[in-house]
Structure formats: C-alpha cells, structure tokens
Amino acid sequence: MAQVPVQTIHRDPQLFYWILFPITIVMILTGVLRHYASVLMASAPKKLDQKTMREQRALLHGINVRSNYHVLSKSSFTARRDALITAYESGDYLKDPDARGQPPPNPMSDPSAMEGMMGMMKNQMAMIIPNTLIMSWINAFFSGYVIMKLPFPLTIKFKSMLQAGVATKDMDPRWMSSISWYFLCIFGLQPIFNFLLGSENAANQMAQQMTQMGPQAGQMFGPGVDPNKQFLAEAENLAVIEHHSVLDGVEQRLLEGIKV
Amino acid sequence: MPTEQELQISPIVQESLMHNSRILHNLQSLTASLFGVSAGILGLESYSGFLFYLVFSLLTAALFYAVRVAPTSLAAGKAPLDTSRYFKSPFEFWAGGLMNELAGFILTWTLFYGLVRA
C-alpha cells in the first residue's frame with residue numbers, strides 16, 4: 001500500500017499575528033465583558049410587601065419543619081404541625097384571603113411576572129448579540145485562510161465544518177480555517193475564564209445554557225401558582241409525617257460506642 | 001447505602017460537598033489546559049496526545065488522592081482508594097474531569113502545536 005505523503009502547506013507566519021491572536025484575544029475579552037455585563041445587569045431582588053413576604057415565609061416554614069422534623073422532640077413537632085396545619089387550612093397566611101378558591105390571574109397581565117421574563121430576555125440577548133457580531137466579523141475579515149493544523153486526524157466528514165470558505169478538494173481535513181478556531185475557542189475557553197474570573201463566572205454561554213436548563217429556584221413563588229393550593233398540599237405533607245427523633249435510642253448507641 | 005435514620009444522625013452537608021467538587025473541578029480544568037500546552041510543545045500527534053492526556057489526568061487524580069484525601073480518609077477507617085469521605089461518587093473523582101475538560105485540552109494542544117510546528 002502506497003504511503004500517502006504528508007501534506008505540507010507553507011503559510012505566512014504573519015497569519016498567527018494577524019488572525020490567530022486577534023480572534024483569541026477578542027474571544028477572551030468578550031467573555032470578560034459578558035461576565036461583567038451580566039453582573040451589572042442583574043436586577044436586585046424586588047422588595048416585597050409584608051403580606052407577600054409572610055405568605056412565602058409561612059410556606060417555607062412548613063417545608064423546613066417537614067424536612068427537619070427529626071431534630072425536634074415529639075411534643076414540639078406535634079405542636080408545630082398542628083399550628084401550621086390549622087393556619088394553612090384556614091388560610092391565615094394568605095396574601096388576600098378573599099381570593100381563595102378563585103382561579104389565579106393570567107400570568108401575562110401581572111406586572112411582576114413580566115420582570116422575570118425581561119431578565120431571561122436580557123440573558124438571551126447578552127448571549128446572542130456578541131456571538132452573531134463575532135461570527136460576522138470573522139466571516140468578513142478572515143474567511144478563506146488556512147491557519148492551523150490539528151494535531152489529530154479526522155474523517156472527511158469534518159471537512160465542510162473545519163474548512164468553511166476554503167474550497168480545496170484534496171486538502172487534509174486536519175487543516176483548519178479561522179472560523180473553526182472560533183468554534184474551538186467557544187468550547188475550550190472555559191478553564192481560562194475560570195482562572196481569570198473565578199469559577200462562578202458568567203462568561204461562557206455554554207455553561208450559562210446548562211444552568212438555564214436546570215430547575216429554577218424562583219419557580220416556587222412564580223406567577224400563576226395558587227398559594228392556597230400550595231398551602232393545602234403542604235398541610236397534607238405535614239399531616240402524613242410519622243415522627244421519629246434522632247435521639248431515639250441514643251443511650252443504646254452511646255453505650256455501643258464506648259469500649260471498655 | 002446508609003438508611004434514612006443513619007443519614008439523619010450524621011447528615012451529609014450539601015454545601016461542603018459542592019465546595020469539594022468545585023475545588024476538584026478547578027484543579028482539573030487548570031491542569032487539562034496545562035497538559036494541552038505541554039502536549040503541543042512536545043509535538044504529540046493523534047493517539048499519543050490523547051494517551052498523554054489520559055495518563056496525566058489519572059496521575060493528577062492519584063496525586064490529589066494521595067496528598068489531600070488519603071491522610072484523613074484512611075485515618076477515618078475507609079478502604080484505600082475510597083473517596084466517599086469527601087466526594088459523592090468515585091467516578092466523579094477519578095474520571096469526571098476526563099470528559100469535561102477535554103475541550104480545554106484540545107484548544108491549548110492545537111494552539112501550541114500550531115505555534116511550535118508552524
């Protein structure tokens with residue numbers, strides 16, 4: 001079998017200074033900018049009026065009692081449970097007790113609900129706009145250059161992705177054009193942002209998309225959720241707990257732990 | 001698997017667990033990039049480069065275990081190579097970084113390979 005000769009392409013070393021470094025530096029700076037933009041744009045949590053706050057805290061109180069019941073003694077747990085269940089079922093903690101049993105208002109008409117959506121829109125925008133700008137910038141200035149060779153072989157399928165804008169049929173798919181360096185930067189710069197901005201940064205759009213997929217923390221008190229139903233469900237949850245304490249049988253455990 | 005009551009007697013603190021895995025993640029991402037730099041400077045190609053990454057990532061995990069985890073973990077009566085005192089799953093500790101940080105490795109590998117072999 002004839003050995004395929006290794007392709008060598010003579011490239012101007014200036015390509016590195018005028019294509020590779022500008023793209024890399026712009027990508028890093030965009031990440032830093034995106035991080036600080038999202039820090040600045042983060043809206044402070046809205047101040048809640050007293051009734052709303054009481055409604056939310058009452059529900060959280062119930063949840064905390066339910067998940068930590070094992071540190072309470074039996075009598076103390078029963079007292080808490082009975083008080084909470086009565087209050088939940090009579091609707092003492094509701095923001096407006098008159099609205100019980102009515103369907104929740106349309107979330108679109110609630111002004112406080114619009115705020116959350118605006119926040120999401122802002123995040124999306126902060127991701128989309130820089131990406132489109134940089135993509136078109138690279139396409140306008142640097143398309144058609146072959147700048148680098150990948151250190152590992154690839155199949156022919158990658159040719160159209162890596163060598164966009166370079167119409168050379170027989171070139172090894174290992175050679176890559178400037179746009180594919182841009183894609184490598186999108187995926188691989190996260191460690192550098194970690195290093196520069198700390199690991200809680202918002203620089204990388206991929207990581208941000210991951211967190212948006214996750215469950216939203218504010219969902220519990222979101223618009224369109226009927227607090228009365230939440231209270232009733234929580235009352236039911238509390239009612240079915242079979243209480244036991246961590247201190248049950250503690251003497252036995254202590255004696256087992258003592259070695260004579 | 002501990003029962004519910006055992007978990008309540010000696011609870012697992014989520015914050016500490018997250019802190020541990022964040023430290024591990026930081027170390028892994030930093031070292032993956034540095035391995036990329038060294039693989040590029042050495043001029044490794046295809047399989048030898050990935051093998052280099054695999055070997056050195058495992059070595060990092062082993063060193064991390066030996067230096068930070070082993071002294072207290074062994075003293076607490078855990079078996080050798082058992083990381084359950086500080087981390088949720090052994091897979092996360094030994095191989096979690098391999099896939100997550102591959103992109104960073106490839107980026108710096110390509111960059112330095114290109115710079116050195118231009």
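Including glycine, each Cβ sits where the backbone N, Cα and C put it.
Remember, TrEMBL labels are computer predictions, not curated facts.
What TrEMBL records for B:50-70 (among others) is transmembrane segment.
Annotation source TrEMBL lists transmembrane segment at B:91-116 (among others). For the transmembrane segment (B:91-116), the list of distant contacts is 21, 24-25, 28-29, 32-37, 39-41, 43-45, 49, 53-54, 57-58, 60-61, 65, 83: same-chain residues at least six beyond its ends, Cβ to Cβ under 8 Å.
Beyond its flanks by at least six residues, the transmembrane segment (B:50-70) meets 24, 27-28, 31-32, 35-36, 38-39, 42, 44, 80-81, 83, 85-86, 93-95, 97-98, 101-102, 105 of its own chain at Cβ-Cβ distances under 8 Å.
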